[in-house]
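J.: First the structure, which I've put down as C-alpha cells, then a few questions once you've had a look.
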Amino acid sequence: MDNLPMIAQPDALIAGSGFHDDSHPKQTLGSDFDHAMMRRCIELARRALGRTSPNPMVGAVIVKDGEIVGEGFHPRAGEPHAEVFALKAAGENAGGATIYVSLEPCNHYGRTPPCSEGLVAAGVAKVVVGTVDPNPLVAGGGIARLRAAGIEVLVGVEEQACKKLNEGFIHRILHHRPFGILKYAMTLDGKIATTTGHSAWVTNKDARSEVHQLRAGCDAVIVGGNTIRQDNPYLTSHREGAHNPLRVVMSRSLDLPQNARIWETAEAPTLVFTEKGANPDFQELLRNLGVEVVELTPLTPDKVMAYLYERGFCSVLWECGGLLAANAIAQGAVQKVFAFIAPKIVGGAHAPTPVGDLGLTSMSEALSLERVEIRVVGSDCLVEGYLPSHQL
Ligand SMILES: Nc1nc(O)c(N)c(N[C@@H]2O[C@H](COP(=O)(O)O)[C@@H](O)[C@H]2O)n1
Ligand SMILES: [Zn+2]
C-alpha cells in the first residue's frame with residue numbers, strides 16, 4: 001500500500017501539458033522520429049504488462065546521433081525505473097544524448113532515488129516526455145528540475161497513447177480507487193446466456209483470446225457467486241509467461257461449490273470476499289486450500305474497490321453477471337466497458353442480460369459511452385468505450 005497525498009492538477013503546473021485540458025485543439029508535438037521513439041517506449045513498457053502496480057508501466061529509449069544506444073522499462077515496483085535501465089545500457093553514450101520516456105521522470109525518493117538527478121548526472125542534452133506524471137510527488141517537478149539544469153524538455157509526444165497505457169495508474173492516483181473495466185459477451189439480442197444459464201460460449205475463440213489478454217493487463221478480475229456456480233471459470237490469462245490477475249469472488253452467503261476450478265491456486269491466487277460470519281466451515285475449507293478469505297460488511301463493489309486500492313491495485317476487471325455489474329456501475333466502480341457482441345440470437349424473455357436494473361426510466365438517462373472504438377474480432381464485434389464521468 002502507498003500513502004499518496006491528494007493530487008494538484010498537473011496542467012496547472014505544466015502549461016501546455018494538455019493534461020485534462022480539452023479547451024483548445026492540441027498541436028502535434030515533435031517529429032515523426034520522436035513519435036516513433038515514443039511508440040517504442042510504449043512497446044518496451046508493455047513488456048511488464050500487469051506486473052508494475054502500484055507503479056506505472058514505463059519505457060525509455062536513449063538516442064545519440066540518430067541511433068538507439070540504450071533502452072529500458074520498469075519491471076515492477078521496488079525495482080529501478082525505466083530511465084535507470086536505459087542509462088545503464090547507454091553508458092558513456094548518454095552524455096549529450098536524447099532520452100525518450102513515456103512518463104515524466106520522477107523527482108522524489110520513493111522506493112528508488114529520483115531519475116531527474118540521474119539524468120542530470122549522466123549529462124543528457126534533451127528529454128522527450130510522453131505525459132506528465134499525476135503523482136503529486138512528481139506532478140511537473142521532474143520536468144522543472146531537468147529544465148533548471150539546462151536540459152531541453154519536450155512534453156506531450158504521443159500523449160494520448162502514453163496516458164492510455166497507464167489509465168489504471170492515473171485513475172488510482174487521481175481517485176484513490178483502482179480503474180474498473182466491465183467486460184461482457186452478449187448475443188445480438190442482448191443475452192449473456194440462455195434461459196437455463198448456459199453460456200459456453202457466446203463469443204468465438206479470437207474474442208476469448210482478447211479477453212485473456214485483457215486479464216493479463218489487470219491486477220484483479222472480479223466475479224460473483226453465480227458465475228462460479230454456473231460457469232465454473234478459471235479466470236486466468238491462459239498465456240505462457242503472462243501475468244495472471246488475482247481472482248476475486250464476491251459472495252455474501254458463501255454458498256459455493258467445493259470443487260470449483262477457482263479454488264485451485266497453483267496457477268493464480270484467489271481471494272473471496274464475504275460478509276461477517278458467513279458459512280464459517282466453508283471459510284475454513286477455503287483457507288485450507290490456500291484461498292484468502294476477507295469479511296467485508298456490507299459487501300459492496302465500492303468496499304471491495306477501496307480494499308483493492310489499499311492493496312496497491314491499479315486496474316480491476318469486472319467479469320460478473322448483470323446484478324453485480326449494475327451495482328458496480330451505480331457505485332462508480334466501472335470506468336470503461338468492453339462489450340463483445342456475437343452475431344447469435346438465443347431469445348428468452350428471462351435469459352440473463354449483461355447489466356441489471358440501473359433505475360433509469362428515460363432513454364435520455366442512458367449511460368452513453370465516450371471515446372468509443374468498434375472493432376471486428378473474428379466473427380464478433382467489440383465495442384470499447386468509457387463511462388461519461390471518466391476523463392483521461
Ligand atoms: N518516469 C518514471 N519511470 C518509471 O519507470 C517509474 N516507475 C515511474 N514511477 C513514478 O515514481 C513512483 C514510484 O516511485 P518508486 O518506484 O517508489 O521509487 C510512481 O508512483 C510514479 O509516480 N516514473
Ligand atoms: Zn524514476
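Heads up, the Cβ atoms here are built off N, Cα and C, so glycines get one too.
Predicted automatically and left uncurated, TrEMBL annotations should be read as such.
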J.: According to TrEMBL, R215, L235 bind substrate; which one of E104, E117, E310, E319 is listed for that same site?
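T.: Looking through E104, E117, E310, E319, the residue TrEMBL assigns to the substrate site is E319.
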J.: Looking at TrEMBL, which one out of A185, A242, A266, A268 binds NADP(+) in the same site as S199, W201, T227, D231?
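T.: Candidate listed by TrEMBL for the same site: A185.
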J.: Give the distance between the Cα atoms of R215 (substrate binding site) and T227 (NADP(+) binding site), rounded to the nearest whole Å.
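T.: Taking the Cα atoms only, R215 (substrate binding site) lies 16 Å from T227 (NADP(+) binding site).
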J.: Quick one, of the recorded positions E83, D231, E319, which Cβ has the fewest other Cβ within 10 Å?
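T.: Sparsest of the recorded positions E83, D231, E319 by Cβ contacts within 10 Å: D231.
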J.: Using a 6 Å cut-off on Cβ distance, which of the binding-site residues C115, R215, E319 come close to any atom of ligand 2?
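T.: Only C115 qualify.
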J.: What is the one among the binding-site residues C106, C115, A185, L235 whose Cβ has the most other Cβ atoms less than or equal to 10 Å away?
T.: C115
J.: Using the centroid of the Cβ atoms of R215, L235, E319 as reference, list every other same-chain residue with Cβ within 8 Å of it (recorded substrate site), in sequence order.
T.: K183, V211, L214, C218, V221, V223, P233, T236, P245, R247, L317
